[in-house]
Amino acid sequence: MTTVIRYGTRLEHLHEAVKLSPHGQTALSVWINDDIRPLPPSRRTWSTMTFIGWWSVWQLSLTNWQLGGSLVASSLSVWQTMVAVVLGRTIAAIVAILIGYIGAEWHIGFPVYSRAIWGVFPYSCHRTVPRQSNVGVILKGAFFPTLLRIGLTVVGFAFQSYTGGLCVTAILSGIFPTFFRMSNTLPASAHVTTQQIIGWAIFNIISIPVLYRRPERSEKLMIGMNIMSFAALLGIMIWSLSHAHGAGDLIHQPSQLQTSDSLGFGIMQGITTVVGTLSIALSRSPFVYPYLKYVSDLDSASQMDFSRFARKPSDQVFGQWFTFIIIGSIMPLFGCLTSSATQAIYGEALWNPPTILAISTSRAAAVFAGIGLVSSQLALNVVDNGKSSPSQSVKGFSNYPVGYSVGMDLSGLLPKYINIRRGCYVGLILGMALCPWELLASATTFVSVISSFSIFMAPFCGIHISDYWFIRQRRLKLSDLYHARPEGIYFYTMGFNWRGVLPWLVGWVPLLPGFMHSINPAIKVSVGADHLYALGFPYGLLSSMAIHTLVNKCFPPPGIGEIDRDDTYGTFTVEEAAKLGVNKDSTEEDSDRSLRRESREVVETKV
C-alpha cells in the first residue's frame, strides 16, 4: 500500500513538473494558454514588411527555385512555365489572404478556429458522458484535423532537417578537405554516411536556439536569413550566366506538347502544381537525395497561425500578395535561367543548387553559397510550409509546415502542458527519432503516402473559407472557443460538428483512384481519374467549399452571427472593438477568474 501511495505521489510531482508555469497573462486550463489565446495588441507586432520577410522564407527557398525545372520537365516551355507560375501564385495569394483574415481579424490560429468548425474538444464532458468513453471523447471535434497536421508536420520536420544537414555536410567538405576525405565508418545498411550524419546533427543543434525565439520576435532573424539565401541564389545564377556567356539554349526550347488540348491541360496542371503542390526535382548528387512528391502548399492552418500576429488586417493582405506573386514568381525564373546556363557549361541542365556547388572548382565560393543555402533551410525548418510534385525519380516529401507550426498545433492540443517553444522542441526530437534517411531508403510506400496528403488537406482550405466568409460572415464568439460546456455554441453534439464531415469527404474521396495509382502504378485507373487527381487541389478546395456552404445553409449551426459583448481576453484595440460593437470595459482579470473557475470545475469532475 505504501509503495502504491509513493508511486502515486511521484506521478503527481511529475504531472506538476511538466505543466506550464502559471505566471503568464492567462490562467492555464485544458483549453487555453498564452500562446493559443486571442493575441493581445502587445503581441501583434507584425507590419507589412514583416509579412514580406516572413513569407519570403519560402519564396527564396530551394523548393521554389526548382519549381520551374519541374514544370519544364513536364514538357512545358520556360515561358509557358512562367505563365503557369504567375497565374498559380495569384490564385495562391487570394486563398492565403482569405484564410489569413481569420487570424488577422480575430487573432486566433488553426487549432482554435478548428473548434468552431469541428467542435470543441470536450474535456469537461465527464458530466454528460460515461467515464469509460473518455478516449472517444478526446478524439472528437477539433482534435482530428490538429492530429492530422501534427503527424504531417513531424515527418516534414525530419526530412527538412536532413536536407539542412546535407547542406552543412557540403560546407564542411569545402572548408576541411580532411572532412571530405573522411572514411565512412557506417555500414551500407545504415543508408547514411558518417559525414552526412555529422552534418545532420550539427544542423539540428543550430536549430535549437532559433526555435527558442517567439514568432513575434523573429523578424530580424528571418530578414537576415532571407538576405543570405537571396545572396547565395543570386550569386549562383550570376556565376552560371557569366560562365555560359548567356542563358543558353534551354531558355528558348519550345514546348513538347503539340496539340492544343494537351497544351491547355499541361498549363492547367502547371497552375495546379503552383497552387496546391510545388516541385523539386532533386538530382542524385552526393549531397541531396531525390525525394519529393505532393504536399499541400496552402495548408489552411499556416495562414491564420501567422496572420494573427498582424497589427491590422491590411498588413497581411499586401505582405502576402506581394510576396506570393512578385517574389514567388522571380525565383523559379532564376532557376530556369541558371539551369539553361549550366546546360551550356556542363552539357546537362542542373536544377539543384547544391549539385552546382558540389562540382564547383571554387571551394571558397561553394562554402559561402552553402552558408546561404543552410540559412534558407534553417529558416524553412523553423517557420514555413512547403510542397512538391512528381520528381523524376524517387517519390518523397519535403518542406511541410515545420518548427513554429508544430509548436502551435501541439500547444492547441495540450495547452496546459505545451506552449509554442516546447512544441517546437518536441517536434525536433520526434523528427530526429524518425531517422529520415531510413524512411527514404526503405519505406518508399510510406513516403509516397505521407507526401500525397495534400488531397486530405486541400478540403480544409475550402471549408475554412466557406465557414468564415459565407456561413459565419466573419463573426465569432471567442469565449465559447475556450470551454466545452454544453451551452456553448461550438459544443454542437457532444463536442462534435457533423456538418464538416461531408464536405471534407467530398473533397478527397473521388481522388482515391488517382491517389492509389500514384502510389502503385500497377493499379490501372481511367484517364479521367488520373486527370482529376492531377487537379486535386482546386477540386478539393472548390468542392468542399460548395458542399460546406450548402450543408450549413440547409442545417444552420447554432449561434450564427453571435459575438461576445465584452472583450473577454483583452484582444482588441479600441478601434477594433468599436467596429465590432464589443465593450472594452471588461478586463483580463475577469477572464482569468473565469478560466480559473473552469479549471477547478474540470478538476472537480475528474475527482
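Using the three backbone atoms N, Cα and C, a Cβ is placed for every residue, glycine included.
Per Swiss-Prot, transmembrane segment is recorded for 67-87 (among others).
Residues 36, 38-39, 44, 142, 145-146, 149, 271, 274-275, 297-298, 300-310, 312-313, 315-317, 320-321, 324-325, 328, 408-409, 411-413, 461, 464-465, 468-469, 474, 476, 478, 481, 541, 571 of the same chain lie 6 or more positions beyond the ends of the transmembrane segment (91-111) yet place their CB under 8 Å from a CB of it. Marked as transmembrane segment by Swiss-Prot: 91-111 (among others).
According to Swiss-Prot, the feature transmembrane segment maps to 152-172 (among others), an assignment based on sequence analysis.
The annotation transmembrane segment is assigned in Swiss-Prot to 192-212 (among others) on the grounds of sequence analysis. The list of residues near the transmembrane segment (192-212) in space but at least 6 beyond its ends in sequence, with Cβ under 8 angstroms from a Cβ of it, reads 161-162, 164-170, 172-173, 179-180, 182-186, 221, 374, 377-378, 381-382, 403-404, 407, 421, 424-425, 428, 432, 437.
Summarising the annotation, Swiss-Prot assigns transmembrane segment to 221-241 (among others) and lists sequence analysis as the type of evidence.
The transmembrane segment annotation in Swiss-Prot covers 262-282 (among others).
Look at Swiss-Prot and you will find 317-337 (among others) tagged as transmembrane segment, backed by sequence analysis. Long-range contacts of the transmembrane segment (317-337) within its own chain (CB-CB distance under 8 A, at least 6 residues past either end) are made by residues 48-52, 54-56, 58-61, 64-69, 71-72, 78, 81-82, 85-86, 89-90, 92-93, 96-97, 100, 233-234, 237, 240-241, 247, 250-251, 303, 351.
Positions annotated as transmembrane segment by Swiss-Prot: 364-384 (among others). Distant neighbours of the transmembrane segment (364-384): 54-55, 57-58, 60-63, 157, 160-161, 163-164, 167-168, 170-171, 174-175, 203, 206-207, 210-211, 215, 218, 222, 224-226, 228-233, 235-236, 239, 302, 306, 353-354, 357-358, 399, 401-405, 424; these residues of the same chain sit at least 6 beyond its ends, with a Cβ under 8 Å from one of its Cβ atoms.
Sequence annotations record features per position, and here Swiss-Prot assigns transmembrane segment to 423-443 (among others).
Residues or ranges marked as transmembrane segment in Swiss-Prot (evidence: sequence analysis): 445-465 (among others).
Marked as transmembrane segment by Swiss-Prot: 500-520 (among others).
Remote same-chain partners of the transmembrane segment (531-551), defined as residues 6 or more beyond its termini with a Cβ less than 8 Å from a stretch Cβ, comprise 95, 265, 268-269, 272, 275-277, 294, 296-298, 454-455, 458-463, 465-467, 470-471, 499-500, 502-504, 506-508, 510-511, 513-515, 517-518. According to Swiss-Prot, the transmembrane segment annotation covers 531-551 (among others).
According to Swiss-Prot, the feature region 'Disordered' maps to 583-607.
What Swiss-Prot lists as compositional bias 'Basic and acidic residues' is 592-607.
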